[in-house]
Amino acid sequence: MIVLVGFMGAGKTTVGRILARRLGVPFRDSDVVIEQRAGRPIRQIFAEEGEPAFRDLEHKVIADLLDGTDSVLALGGGAVQRADTRDLLKDVPVAYLRISYAEAMRRVGGDQGRPMLVRPDVAQLHAERDLVYAEAATVTVDAGTSPPEAIARDILTLLADAEAS
Ligand code: ADP
Ligand code: MG
């Protein structure tokens, strides 16, 4: 199991698919599983039930996925906000894909499917989450300047080093 965290646009999906292929395990994305379970897009869950209800559902989905078959698991960008969800990650290798706010906006600034983008304080959110991601992570990689294949390789190298020490 490898869990990927980071701000939207960091490349969790892109790098996660590469990692999963290399390791020969499935790639899972908590946001996708939430949408399947709820039968609605995340944007609609946010609009209809609000963020706290969405975070409850997210927590349950992540707990189930961590309990299930070995995979590379990308978490929604806001999943680590909740202490009880962070607690689920304590004994799992977690890679933080770190990206600047400017680069995140270059990559996903126009994406309608990302509800956090409508928040007026999204820059501040990025700054706050940086600390939380780093704290939750076993390893942190620069995900803003190199191609996805190189980032995947960095993650595997750093996690192997972390495990050996
Ligand atoms: P996340 O799942 O973390 O929100 P995605 O994997 O969906 O991020 O990537 C967001 C966008 O950025 C996509 O268009 C993707 O192709 C692009 N992208 C991801 N990683 C990189 C990278 N290392 N270099 C350049 N573009 C990237
Ligand atoms: Mg993604």
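Heads up, the Cβ atoms here are built off N, Cα and C, so glycines get one too.
According to TrEMBL, the ATP binding site annotation covers Gly9, Ala10, Gly11, Lys12, Thr13, Thr14, Arg114. Non-local neighbourhood of Thr13 (ATP binding site): Asp29, Ala74, each in the same chain, at least six residues away, with C-beta under 8 Å from its C-beta.
The Mg(2+) binding site annotation in TrEMBL covers Thr13.
Taken from TrEMBL, the feature substrate binding site applies to Asp31, Arg55, Gly77, Arg129. Using a 10 Å radius centred on the Cβ of Gly77 (substrate binding site) and all shown protein chains, the other Cβ atoms total 23.
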Closest of Asp31, Gly77, Arg129 to Ala10 (ATP binding site), Cα positions, binding-site residues only: Gly77
Gly9, Ala10, Gly11, Lys12, Thr13, Thr14, Arg114 excluded, remaining Cβ within 8 Å of their centroid (ATP): Gly6, Met8, Val15, Ala74, Leu97, Arg107, Val108
Span of Gly9, Ala10, Gly11, Lys12, Thr13, Thr14, Arg114 around ATP - largest C-alpha separation, Å: 16
Cβ under 6 Å from ligand 1: qualifying binding-site residues of Ala10, Asp31, Arg55, Gly77, Arg114: Ala10
